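Some features that TrEMBL has for this protein:
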- 24-428: domain 'Kinesin motor' (DOMAIN)
- Gly107, Ile108, Ser109, Gly110, Ser111, Gly112, Lys113, Ser114: ATP binding site (BINDING)
- 553-666: coiled coil (COILED)
- 721-744: region 'Disordered' (REGION)
- 725-738: compositional bias 'Basic and acidic residues' (COMPBIAS)
Amino acid sequence: MKRVGNQPVKVQKKSKADDEARDPIQVYCRIRPVSSYVESPCIKVVSDTELQVYCPPDERGISKEGQFTYKKIFTDYETQEVVFQDLGLPLIEQLLLGKSSLIFAYGISGSGKSYTMTGNQEDGGIVGRCFDVIFNSIRDYQARRFTFKPDKLNGFDVFSMEDAMIFKAEDFKNNVRNPPKTPKRKDGETDRIPFDYKIIDIEQDVAYSVFISYVEIYHNYVYDLLEDVSDGEIRRNSKIIREDATGNMYVHGVNEQEVYNADEAFDWLKKGQLRKRTAPTFLNMDSSRSHTVFTIRVVQAPLDTDGVNIIQDKKYTVVSQLSLVDLAGSERAGKAKTTGQRLQEAGEINKSLSNLKQCLKILYENQSSSNLRNIAEKIPYRTSRLTHLFKSFFEGSGSIRMLICINPLSDYAELLPVLQFGEMSGSVQVKRMTPLRMDLGLTPGRRKVVDIQSVNRIPCVLEENTRGQMEKKKSYDVKENCFSNYLNLGPPLPELVGDDLLDEEKRQELIIALDQRIKKKDELREILINQSNDIRSQLVFLETNFAGAKQEINSLQILRDQDTNKIKQYQNKALLLENEMVSLKRKLESLDSENKRLKSDLNAKENMLNQVSVDKDLLKQKYNTKIVKKQEQLSRDFKDKWKIQENEFEAKLQEKKRKLRHIKNIVESTESIPGHFSRRPVKRTLSDESLNKLEPVVNDAKPTDFKANEQSETVLRHLRSRRSKSCDPHERWIEHKPPVPTPLQTIMQPKMKKRKSVTKLTDAKTVSNNGASKYCLLTQGSNEQGIPEAKLYKADIIQTMGGGAQVVFNDVETLKQDSPLGGSPVKSRIQAYNNEVRAHGGDTDDVQAKCYGIQGGYTPVSRK
């Protein structure tokens, strides 16, 4: 676009980045001017885009520095006009092209944000200069007032010229009854100096209208600053934020005023500023206690093919907006010295600004290449009304620019977060918005083709009063000249006085002039008669044509009514068919869904059956293998047991044979004894090498004492060197012995090379953490015949997954000792021998002595 004005403006050339899908947030920085007598600030401008901040050395001599880069840095000597040309003017061009934009003014309290945005009467800010540039550019292309009206859904309705005139009349009546209150001018306040920039290269075949709205966000509630309330009334009704059909966020029910020039828009701006919440603090005498959002919306609608009227189809209407946000400054309670309500306001302001930082930070992290997460983190737009209102801008509905305002007199700790946030925001990218203007295929430049001097033309745009008066005067002069030329009655009559009538020449001149005028009059009369006849004939012709056309129109109306009835019938039928089709479609969808569900169930059951059959086959195969292995194991065990039992039977048979030989020897020795026993000792006939010597019997012991001693004495005799051979010398054992066992020494003692002996097993860690693989429990007792025996309960120690151990008993080894004379055949033979001795009348003492002799003991001493 071309701009014209007092000073030349730099035209930004399009770069290759314009072809990309995203554009970064452009961040600018402005430094507030300071007095010359103030100490040197902690900020130094390195270049147009780089800024350096440093902290003076503290008590320990440590200083901090930081360098930040922005789109452009405005120093303290650059004016409001320079800031607007670089920051705001390109956004006005985008606004008139149908693109939306957003400007944030961010900084701490007292850094010059409000001055940059609104300015004053002599030196306007960004908002006032936007008004001047917009209305200077669209002055000749503005639509009539009330041609566009808000539809309360973030859109606009388009009305015809007649409707616009009706709305204008109603508005005039309302203004007469309730005249609008204009803000009073303060004493000493001068008129506003307009900004005379103009954008020339804009679309001329459209009609433009400008609407403004002004809201503030206070305590996280949205209030309308332009609503119609009386002075002093408290605005208690907060507005809500909604989303329109295109996904853009807007304030529902906000008052949008249509403005026709820059002065009218500036009056509404001052009216809203008077209602804005401000309060004095220690840092700023007029500190903003809320965030304000001033929105300028430009509505564009194309002209028809004649270039006269506006196309009233709503889908061809283009709405673009420019939101100018003046954020309240962040402040510290200790430095601003705020208490009570002001402290609560500062807390809400800092909270909303913190949420804005968090949203931009998460947006930056989601776009960063170092983000390795597959799912982007959700951005908390709804936490604050500020971020919720501009959610659509962050998601790509328009370009975003941010102005960081800093005060060089601020502390390093206050400046650093602001500068870091600005630099981080410059790395965030938003989607590039494409213009919504639609190509209707109409001839460009159709507005110029229309004759602007045509009287019968009904202008669709506002025309200046002076220009209208000049055109009316010009058309009147043209009509008067045409009428005078057409009604010329001949030469003018000579000027005569009373004495001139006596002069013959002058009388002749007068007679000639009268004759010419009479002839001209007769000619004009004939012309008028002919023209009247022509007009009468034309009227008759028109009347006849009118009657015929009327009849034709009536017949056409009848046909139209018939066609309308048929169309209605067809529409009703089509509606019925559509309803039936919808019902059938629903039934079909339900049947399809049911069919899909049944198929899925069938597939699931088939899969289950297949899985069951597979599991069954696997289980069958598993059990078959187990059965085969078990059979093989049982056959091996049976063979082993059979061999063991066969060996045992063979050993028992050999033992019995040996015992029989001993008994035979005893019997043979007893048969050689005479009827009366001698008192000399009998030699031992049992010469088994495996038997040890028995203790001699006391002479004066009675038979009853002998029997008692024999029954109570259960000690193990005939020590042997036999050991259990069922232990693997390479295994590690845990030998569990009772606390009071019978001393075995080497009798019936399993040989375990690697073992750990315990008397009590109270802790499971003794089994699990010892590294043993075998367990042996030793018990001692006697069987039913009173013969002592020892049992070894053997088990495997199996380590579990949880770090414990499981003891599985798999074997019991019983160890006992028998005497060759303790068997039942020997006892029966001894009893038979004793009975035989008694039958011969022998003494009991001799019998007892014989029994002792048979058993291998010493004969008792004879009684005196």
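Glycine is no exception: its Cβ is also placed from the backbone N, Cα and C atoms.
Bear in mind that TrEMBL entries carry predicted annotations, made automatically and left uncurated.
Excluding Gly107, Ile108, Ser109, Gly110, Ser111, Gly112, Lys113, Ser114 themselves, the residues of that chain whose CB lies within 8 A of the CB mean position for the ATP site are, in sequence, Arg32, Asn284, Gly329, Cys405, Asn407. Across all of the coiled coil (553-666), the predicted model scores a mean pLDDT of 89. For the binding-site residues Gly110, Gly112, the greatest number of Cβ atoms within 10 Å around a candidate Cβ is found at Gly110. Listed in sequence order, the residues of the same chain lying 6 or more apart from Ser114 (ATP binding site) and placing their CB within less than 8 Å of its CB are Ala105, Asp286, Ser288, Asp326. In sequence order, Gly329, Ser330, Glu331, Ile406, Asn407, Ser410, Glu414, Leu415, Val418 constitute the residues six or more apart from Ile108 (ATP binding site) in its chain with CB-CB distances below 8 Å. Non-local contacts of Ser111 (ATP binding site) by the CB criterion (under 8 A, 6+ apart in sequence, same chain) comprise Arg32, Gly329, Cys405, Ile406, Asn407, Ser410.
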